[in-house]
Amino acid sequence: MPEQYRYTLPVKAGEQRLLGELTGAACATLVAEIAERHAGPVVLIAPDMQNALRLHDEISQFTDQMVMNLADWETLPYDSFSPHQDIISSRLSTLYQLPTMQRGVLIVPVNTLMQRVCPHSFLHGHALVMKKGQRLSRDALRTQLDSAGYRHVDQVMEHGEYATRGALLDLFPMGSELPYRLDFFDDEIDSLRVFDVDSQRTLEEVEAINLLPAHEFPTDKAAIELFRSQWRDTFEVKRDPEHIYQQVSKGTLPAGIEYWQPLFFSEPLPPLFSYFPANTLLVNTGDLETSAERFQADTLARFENRGVDPMRPLLPPQSLWLRVDELFSELKNWPRVQLKTEHLPTKAANANLGFQKLPDLAVQAQQKAPLDALRKFLETFDGPVVFSVESEGRREALGELLARIKIAPQRIMRLDEASDRGRYLMIGAAEHGFVDTVRNLALICESDLLGERVARRRQDSRRTINPDTLIRNLAELHIGQPVVHLEHGVGRYAGMTTLEAGGITGEYLMLTYANDAKLYVPVSSLHLISRYAGGAEENAPLHKLGGDAWSRARQKAAEKVRDVAAELLDIYAQRAAKEGFAFKHDREQYQLFCDSFPFETTPDQAQAINAVLSDMCQPLAMDRLVCGDVGFGKTEVAMRAAFLAVDNHKQVAVLVPTTLLAQQHYDNFRDRFANWPVRIEMISRFRSAKEQTQILAEVAEGKIDILIGTHKLLQSDVKFKDLGLLIVDEEHRFGVRHKERIKAMRANVDILTLTATPIPRTLNMAMSGMRDLSIIATPPARRLAVKTFVREYDSMVVREAILREILRGGQVYYLYNDVENIQKAAERLAELVPEARIAIGHGQMRERELERVMNDFHHQRFNVLVCTTIIETGIDIPTANTIIIERADHFGLAQLHQLRGRVGRSHHQAYAWLLTPHPKAMTTDAQKRLEAIASLEDLGAGFALATHDLEIRGAGELLGEEQSGSMETIGFSLYMELLENAVDALKAGREPSLEDLTSQQTEVELRMPSLLPDDFIPDVNTRLSFYKRIASAKTENELEEIKVELIDRFGLLPDPARTLLDIARLRQQAQKLGIRKLEGNEKGGVIEFAEKNHVNPAWLIGLLQKQPQHYRLDGPTRLKFIQDLSERKTRIEWVRQFMRELEENAIA
């Protein structure tokens, strides 16, 4: 820190300082410096949310003090939805800490500062601290949680939820990063542990936790009474059960209840200023007054527009927000510093700090000496120079760049470590640098050298989806759903039931078959059951118990599977035998190309890129599928592969399904390769015949490096001089003939296929190695999940949704999939929302006209596009963040997911409205589809969809058409299992036999209760999921894992659960030995061997001779044992010991 500062800080209330000449990251360095100087908290007021987020990242780079944001609700004033639970949690946590904040920076956007907040007394009065060893009755705690607004659920997933199971209580407190598990011993807290939401496993112990209320207002009985009486004083009461008053009276909180927050308190809501400690210093950047006035005008306009709904009468704006004049009179009560970029006139309260813009230092990739500008600046600047990069990965890239002009910067953590004429490097989020003329120091950020960098991904602490847990999981079975039993065929699930057989209670899965026949499957045999997935549920077959239709279908499928496996191996062998081209990787050129990518790559994206590059550098032909949700950056993977190909003087073909997409790829590729001597052309209906002929001639001569086009590229008159890479986008949109053409190219050209249609992981396992798969499941920077609503059509809902979007400067897709009446629909919208500028786009328009419409929409010349599903693939418009789909019940799930992916391509909250007719006018299937899509708000949910959407589009297509037939008869999961077994057998050089494929599963029956009691795991779906996992476990380790997880999540194992795991272990042993059946009872039991087994006959004969009173043969494959096993514990022990002896004497 320099000894003398260039400015003094205001101390008294109302005293102001204006500091000028702050450019680039100088604002952030200055706020950091103020935070270190000022003996109290600093509140930084930003003009809007975007600036607040950027400043948070930048300031954190320059100080070790705490830097916090007060989250904004991110809803419109008087909105009909509530903020996300995570936002409320973060706000409560910040508000709770604020009054006692000693030092540090709190950043608040103006409109959040204007919003009134809950009284401080409420937060402190309702916070509860729980410690290990504390005496606390569980019932009292549950009552307390209920009255604090926590929701009781079966499994804790979100903030504000709790679950109880026996002596355990799971709880996700507001303001906490992770949920906690409390273990009670009587009425004492025995242990407090943090656990992971996804796996539900505990992580570590803690001593105490702090419990904040679940909302920013009380929800206990007294508060609801107060709400009711204040409502009656303010508005009239409607009898309608949908009315806000009636809903709150019943104890349910309707969406958007936050805008009636004042009615829950007896005194008016205070401003945020009431939370600031007395020694707070305010700092503001940007034009406060304009931002505040704009916000006030918006609020007023919405109050007037929305105040007409008798079901939702509104409170006046002043009870929820400060007026602009109130805001400024509050500001006068505090010392305040204003930061300005311009030079200020000389006055006592003003100081100019002498920060100046850097000269233009951009790297000129196409020049001979790309780093000339930077080199000259460094030679002439005689103070320290600090380079700032965003991450370790970028640090290496910058290091390589600087090495070319012989500069090796030294790593520092703080700006004031820079001295003399040193060259330094620090990691942080600063966007633009500056020259500090007073300290004679220059800060150069990455974007000063490489052009605009766009926000890197703020690590979202929200959960990521683990696709494996979604697939083949029985946890979501509903009664009436089709399931496959390996031995009896496709039936319908009819629920779980407990039956008593021979005095032993067991839990069974009940299935119904044709003619109402029932089959009870013991839970130990759940490995024989899988969900039926292979087509629409209503088309699933229903087999007859004991009939031979199933065994015939299974036999046929197994034969088919064998052929498929052979075909796959054949393609693979051909690829392995044919030498592809091994590309050379010129790292320096490639790095320069990567540096001009304005986003930080996500971890999955980086993995996909590395996989593709290493495939291309192998002599084998590449065949890789990159699968990622819409807009997760698959195109960049393709561009880098194309760059490597062109750098090796090879040509690249990019094949896309539609002309619009071709145009978009063409524009993107042209932009991305703008600084490189690469020639890119496009072949599509937009080109005249003459242009096309010209292009084809140049392709054949090798003058064109990258050719983009629709299926025209596959015509026989397209000849490449030296094609090295074929990139196929959305392969499933091409017809069979086109696919055959692509298949023919496979063996000797590197092929990269991009798709957003999710392909289940299981498919990849079965194809192990046929086609390599990369999955991109992390969303790029600041993409929020798309909020999805399923609503009956209502013109007010439509008007609201369109206004919400256009008021924040965005655009709307209005999907109307009926070309005949699309004109009428557009006219109806124009009447409903006169503020909107509307255009129409559909597939039957003349191609050029459609192109013009899309282009205008892209350039924001109008803000509502009424269109058909033409927008389904790939058109990328970041400012379009609302999609409204009329008659959403007419779409398939995968299609709805694709369409929803058109929005939410920036860091604004995106909305998808699925409008439907009256529920009675929809099929149940359509209702289920809409429920499924609404439940999968998370980004990257494409994979989950593959399981929900049992249409599994990818499956039939990967292998050619006739496949999907056999898949429909036996179901997807079983089909995949058969295919996996067949591929393994063929790889090992064995001919796969049906026995091999539908291998006989061992039965173990010891006549003792073996189940997960429902008082141990009350939720039937969770129980079912565990049964399936136990039955399907292949190794002892897997069972051990499951056991640890059960104890961890539900407490000590009851005896029947222990027995269930023991029997599963015995089944694994018996299966390995080739034992078909193992029965035990009080007097002994029977072991039945399969024809092919690993039991040593000599050892067995010896046993029969030595102990004839205990063992005897009963037919050629049955061994009887006579033993007193009336004690259940000894029964398991004895059988386990006998199995061990069999294992020790097994033969190969």
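Cβ from N, Cα, C; glycine included.
As given in Swiss-Prot:
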DOMAIN    615-776  domain 'Helicase ATP-binding'
BINDING   Gly628, Asp629, Val630, Gly631, Phe632, Gly633, Lys634, Thr635  ATP binding site
MOTIF     729-732  motif 'DEEH box'
DOMAIN    798-951  domain 'Helicase C-terminal'
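Of all Cβ atoms in the protein chains displayed, 22 besides its own lie within 10 Å of the Cβ of Gly633 (ATP binding site). With the fewest other Cβ atoms inside 10 Å of its Cβ, the least crowded of the binding-site residues Lys634, Thr635 in this structure is Thr635. The Cβ neighbour count for Gly628 (ATP binding site), using a 10 Å radius and every protein chain shown, is 26. Cβ neighbour count for Phe632 (ATP binding site): 27 (other Cβ atoms within 10 Å of its Cβ, all protein chains included).
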